[in-house]
Amino acid sequence: MHFLAFLLCLIPLALCIIEPRDIDGPTSHEAPTDLPIDWHILSQAAGMAHEPYCLFGDIGDRVGDAEVLWSKGHGVVIQRVKIFHSKSLGVTVSFEGTTASLLSILHDVNAALIDPPKEVAPAYCEGVKLFAGFSNAYMELRDEVYEQIVKFQKQFNDKRVTTTGHSLGAAMAVLAAMDLNKRLDDGIYRSFAFGMPRTGNGAFANDVDKKIGGRFFYIVNGRDWVPRVLPRELGFQHPSGQIWINPPSTTHWKYYPGQENHYGANSEDPILTFEDYHGIYSHICLGYGPGKCPASVGTVYLP
C-alpha cells in the first residue's frame with residue numbers, strides 16, 4: 001500500500017512537466033444500458049487479471065475455467081505476465097499491475113505522450129500517441145508474449161485470444177490487444193481492462209473504437225482514482241467500452257456507451273484512497289493484499 005501512496009504523490013510532479021491542451025475527444029451523453037456481455041465472463045477475466053499478483057504457485061494452477069500455462073517476470077525488473085487457456089475466453093494473456101518496484105512505479109509516472117514504437121506502429125492510425133511508461137512496459141514483454149500465444153493457439157487448436165489486466169496491467173492489456181489484433185490472423189477475441197488509467201490521446205481512443213470496439217471493455221469500480229489519470233485536459237482520452245460498478249464492489253453495474261460518458265464514472269469525483277482501486281470486480285477481489293492467491297472466480301459475495 002505504501003508504494004501506491006508514493007505513486008499518488010508523484011503524479012502531481014508528472015503533471016507539472018506536461019503542457020495543458022484542449023480536451024482531445026468527445027463526451028458521450030448516451031444513456032447507460034445493461035451489460036452487453038455476461039457477467040460470468042467478466043468474473044473469469046477478473047480472476048485472470050488478479051492472478052499475476054500472486055507470487056507463489058504457477059504453471060498448472062486453475063483459475064475458474066482456465067489453467068496457467070506460462071509465466072514470466074517477478075514484478076521487479078519487468079511486469080509479471082501469465083498466459084492461460086480458458087474454456088470461455090481462449091488463450092488469455094494477463095499483465096500485472098503496479099508493484100513496489102521502482103521500475104514499475106517509473107512506468108506509471110513516465111506520462112509523456114509519444115508516438116507508438118516502430119515495432120507496433122502498423123497497428124495504429126496516424127496521429128496516435130501513447131502514454132510512454134505504459135508503452136515501455138508492454139514493449140519489454142511484447143515479442144516473447146507473442147511467441148507463446150502462437151504456440152498455445154496451435155497446442156489447443158484455439159484461435160481465440162484475450163487480453164486482461166488491472167491498473168498498469170490494464171493499460172498493457174489494451175496496448176497488447178491493439179498490437180495482437182494486427183499481428184494475429186484472426187485478431188483478438190476480447191480485451192478486459194480493470195481499473196485502467198487513460199493510456200493514449202484522442203486518436204488512440206478513436207483507433208481502439210474502430211479496430212476492437214465491441215470486443216474491448218474497461219471496468220471502473222466506484223470512485224477509483226486510477227481511471228481518472230491522466231486528465232483529459234492534458235490530452236488523454238478513454239476509448240468506448242466503460243462498465244461502471246456503482247456503488248463500488250457490488251453487483252450494481254451498467255454499460256456506458258461512447259467515450260468518456262457523462263453519466264458514467266466521470267460523473268463523480270474520484271476518492272483518493274485505495275478502497276475502490278483494490279475493490280471487488282464481478283465477484284473477484286483484485287489487487288495486492290486483499291486479493292486471494294491463487295485467484296478464484298465468482299467466490300466473493302456481493303450485495
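Yeah, the Cβs are placed from backbone N, Cα and C, and that goes for glycine too.
Database features, via Swiss-Prot:
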SIGNAL    1-16  signal peptide
DISULFID  Cys54-Cys293  disulfide bond
ACT_SITE  Ser167  active site, nucleophile
ACT_SITE  Asp224  active site
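Projection of Swiss-Prot feature records onto the structure.
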residue	record	contacts (Cβ under 8 Å, 6+ apart)
Cys54	disulfide bond	Gly291, Cys293, Pro294, Ala295
Ser167	active site, nucleophile	Gly97, Thr98, Phe194, Gly195, Met196, Pro197, Val226, Tyr277, Gly287
Asp224	active site	Gly195, Pro248, Ala265, Pro270, Ile271, Asp276, Tyr277, Gly279
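Under the three-state DSSP scheme, Cys54 (disulfide bond) falls in the coil class. The Cβ of Cys293 (disulfide bond) has 14 neighbouring Cβ atoms from other residues within 10 Å, across all protein chains displayed. In the three-state DSSP scheme, the residue listed as 'active site' falls into the strand class. Secondary structure at Cys293 (disulfide bond), as computed by DSSP, is coil.
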